[in-house]
Structures are given as structure tokens and as C-alpha cells.
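So the structure is just underneath, and the comments pick up after that.
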Amino acid sequence: MAAIRMGKLTTMPAGLIYASVSVHAAKQEESKKQLVKPEQLPIYTAPPLQSKYVEEQPGHLQMGFASIRTATGCYIGWCKGVYVFVKNGIMDTVQFGKDAYVYLKNPPRDFLPKMGVITVSGLAGLVSARKGSKFKKITYPLGLATLGATVCYPVQSVIIAKVTAKKVYATSQQIFGAVKSLWTKSSKEESLPKPKEKTKLGSSSEIEVPAKTTHVLKHSVPLPTELSSEAKTKSESTSGATQFMPDPKLMDHGQSHPEDIDMYSTRS
């Protein structure tokens, strides 16, 4: 029993010491955590060091819609063009019918005689080309009908003729320009040599140039006697100037002796 009491007495102080040590360590950790200042707190989250932008890849549904759109785009554009053309044609014909109805409802006095002249001229063309070819059967009635229309309506016929002449001239100029451009392109292509021939010519010229220079150097022309004598005198004078040596006795060394030339600076 005495031993048990001694054990209890020894274990209780050890437990108290351990508890005090753990509490002290926790307090130290809390104090360390509270030492951070508000200015040092991060406002934003730090971005990753190795970031890379990756585009979103389209899915199967998007690829299918894109292929359908590209396949049907040209057909849709063609259908739109046809629809606009037909719509404009229908609107023009309806407007022409309305104008014709208004005009025929209250026609002028000379309308019926003029129409009679035009129809009679067309029938005359049919009768004259009755036994002819198909070309005559088409051209004769149209030609005589247009002739009657020009006689009956001269002002309108002149305006129509001017407009058609301008259109024909513009189209002819466009055709002429296109043909001329094609002709000039073909002529330029024919006139220009091939690049291989150019390289051959360049190499041959490069090889022949030194031969020509050597050939020119070989054929020397004799100079006249006067020029040769002048050249000789010039060469002699230059050689004499280079070979001239001054007399050391005549040289002025100042106050120094000629023997001490290495020790003092001389005057020239």
C-alpha cells in the first residue's frame, strides 16, 4: 500500500508538468500565428507558376452544325439570289400591267391608228417571209414592226436607240479589254526567256570576261618617243629623290655634338 501511495505521489507531479508544457507550447503557437500584420495579408490568391491558355475544343454537335452550314451556305445564297430576281421580275410585270391598263383605259386619239400601222407592218413581214428560211421568218416581221414603231413613235424610238447603243458600246469595250489583256499576257510570256537560259548566259559571260581582259592586255600599243622620255625622266627623278642621302657634316644639331645625337633632341 505504501508503494502504491508513493507511485501516485510521483505520477501526479509528472502529469502536471506535462500539461503545463503542452499548454505553454499551444500558447506559443497562437502567439506566432497572431504576429502577422494586416498589410502583409495577401489580397488575391497567388496564380500558378506554370499556367497555359488552352482553347476550348468544339464538340461533335458543334462540328456537325458547322459542316452543315458550310455545305448549305452556297445553296442558300443561290436560292436568295433566285428569289430576289423572281420577285423583282414579278413586281416589274405587275407594274407594267397596271400602267398598260391605265393607258388602255383612256387611250389617246392617235393610239389605234398607230397600233394598226405597226400590226400591218408586222403582218407584211410575215407574208414576205412566208416561203423563206426560219431566219427570214423571224427577222422580217420584227424588222418591219420596229420600222413602223419608229415611224409612229420617233421620240421614244430615239431614246431607246441611244440607251441600247450605250449598253452595246460598254459591253464591247469590256470584251475588247478582256481580249487585249489576255493577248498582252500571252505575248509577254512568249517574249520572256526561261530562267535556265538566263543562268546559262550569266555563267558564259562570267567565264568569258577574264579571257577578254587578258586578250586586251596582250595587245599593247607603243607610246610615242616624247611620252616615253617624259616617263623616263619622271622615274629617274623619283629614284634620285629616294636615293638622296644628306651629308652628316652639314646637318645642324644645335648645341649638341654629332656623337651625342642619341642623347639630345635635334632640330631639323
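Glycine is treated like the rest: Cβ placed from N, Cα and C.
For 1-27, the entry in Swiss-Prot reads transit peptide, with the evidence type sequence analysis.
Taken from Swiss-Prot, the feature topological domain 'Mitochondrial intermembrane' covers 28-110 (among others), and the record attributes it to sequence analysis.
Taken from Swiss-Prot, the feature transmembrane segment covers 111-129 (among others), and the record attributes it to sequence analysis. Taking Cβ pairs closer than 8 Å, the transmembrane segment (111-129) reaches residues 136-137, 139-145, 147-149, 151-153 in its own chain, all 6 or more past its ends.
As annotated by Swiss-Prot, topological domain 'Mitochondrial matrix' applies to 130-137. Sequence-distant neighbours of the topological domain 'Mitochondrial matrix' (130-137) (same chain, 6+ residues past either end, Cβ-Cβ under 8 Å): none.
Residues or ranges marked as transmembrane segment by Swiss-Prot: 138-155 (among others).
The topological domain 'Mitochondrial intermembrane' feature in Swiss-Prot is assigned to 156-268 (among others); the stated evidence is sequence analysis.
The annotation compositional bias 'Basic and acidic residues' is assigned in Swiss-Prot to 187-200 (among others).
Look at Swiss-Prot and you will find 187-268 tagged as region 'Disordered'.
The annotation phosphoserine is assigned in Swiss-Prot to S204 on the grounds of a large-scale study or a structure entry.
Swiss-Prot lists 249-260 (among others) with the feature compositional bias 'Basic and acidic residues'.
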